[in-house]
Amino acid sequence: MNAAAAARASIIRTSMVPIPAGFAYSNDVESTRPPAQGMQGRDAGPRMRAAENPSDQVSHEERQRVIQVLDYLEYKARCDYERQQQQQQQQQRPEQKSGFYTAGPNDSFDSLNKPPPDVVVEVDSSSRGRVVRMFTIFPYRDMSWVVNFGFVTGSIVFVVNAVLGVLPVIDPALAFPTLTTVALPATILIGAFFFLVSGCLGFVAAFNANRGTVEVPIKGAMSGGANYRPALIGSESWVWFPSGPEFAKIAQTFPFQAGVFQLTGGMILSISAFAGIPGLLNPEENLALFQGLVFLPQVIGGSMFVFANIVLTIFVQDRWYKPKPSCADWQGGFWNAVGSTGFAITGVLLLMGDTTGAAWTSLYGSVAFLMGSVIQLYALMEFHPTPWAA
């Protein structure tokens, strides 16, 4: 499971509470809703609200309520003073460009001390839209998408490998001369390569999951949330490796720790893929060494994948003991965990000499992991309703 994507999705969903039109704040421009046709000036606001809420009734007590008179000059002076204070704070801390920030309802963009973002994350949770965008939008500047795409590609290669491994089990006549010497080792090696590279890039994605900017409404706005703007590859907010204090904070998060565990498991699985190249090791000369470098890493690496994906699945739940099958992120982590059990059990069966059971187990594990990876890509496309990262 893509740990960085899970962490960033949590950040985005936490920060992106709908902001009423007219109160939204976008850097130095206030976003206002255009008045309805035929409404102008002071009539636009009241009439628009009346049109949107025709059932609202104002009580007699409400009509008699006394409205406090605003001293405009005093209000303007107070706003100018607060703006001045914010600018002074910005000048005093110019070196602080990124990190972990919290935004309160009265914070302004300047108080976050972050680089100007490039894009705003938009959300479209429709199932049909996400499926369509999986094949039409390719946000290569979003590292989380790159990581997901790598896992999907690697999973497809592993499924091909598993299908090739099952062919002689179904019918020995289906086996071709280069099956065991070229096809099977090559597909295992390619799949392991994609998994290893995706795991390494997942680290970089995790370093930047919290480096986006949080855009909050202007002071006094009646709003309950903010907009999240991610750090894209090549943007000012992007880093390939964070500072020491920032790395220390990232290392304390569950998604990062699970990602480390999963990457370690991927590296161990890669040992099995490389050691299994024909000609490197001869099982007839040293069976124990062959099993220790080819079969045993599958057991260890697969088990580490299982643990990491279970942790990430629990992370996306509202309660650690309460499954969340309606969530796409949860489904992705669950099926990745199921697929990882197939990798581990395959190694156990190979150590026992059961090649037939290992072939079928490898197939179910590869298919399940592919399902989880595709579901995670589907979940990620919620934040790509437009090609903002392409």
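Keep in mind that glycine also has a Cβ here, set from the backbone N, Cα and C atoms.
What TrEMBL lists as region 'Disordered' is 27-62 (among others).
What TrEMBL records for 81-116 (among others) is region 'Disordered'.
Residues annotated as transmembrane segment in TrEMBL: 145-170 (among others).
If you look at the transmembrane segment (182-207), the same-chain residues 6 or more away from its ends with a CB under 8 A from one of its CBs are 2-5, 7-8, 143-144, 146-147, 150-151, 153-155, 157-158, 160-161, 164-165, 176, 239-242, 246-247, 250, 255-256, 259-260, 262-263, 266-267, 269-270, 272-274, 276-278. The transmembrane segment feature in TrEMBL is assigned to 182-207 (among others).
Long-range contacts of the transmembrane segment (259-281) within the same chain, counting only residues at least 6 positions beyond its ends with a Cβ under 8 Å from a Cβ of the stretch, are 1, 3-4, 180-181, 185, 188-189, 191-193, 195-196, 199-200, 202-203, 206, 289-290, 293-298, 300-305, 307-309, 311, 343, 347. Per TrEMBL, transmembrane segment is recorded for 259-281 (among others).
Here TrEMBL flags 287-312 (among others) as transmembrane segment.
Sequence annotations record features per position, and here TrEMBL assigns transmembrane segment to 333-352 (among others).
Sequence annotations record features per position, and here TrEMBL assigns transmembrane segment to 358-380 (among others).
Within the chain, the transmembrane segment (358-380) has long-range Cβ neighbours (under 8 A, six or more residues past its boundaries) at 1-2, 5, 9, 130-131, 134, 144-145, 148-149, 151-152, 155-156, 158-159, 161-163, 165-166, 169, 302, 309, 328-329, 331-343, 345-346, 349-350.
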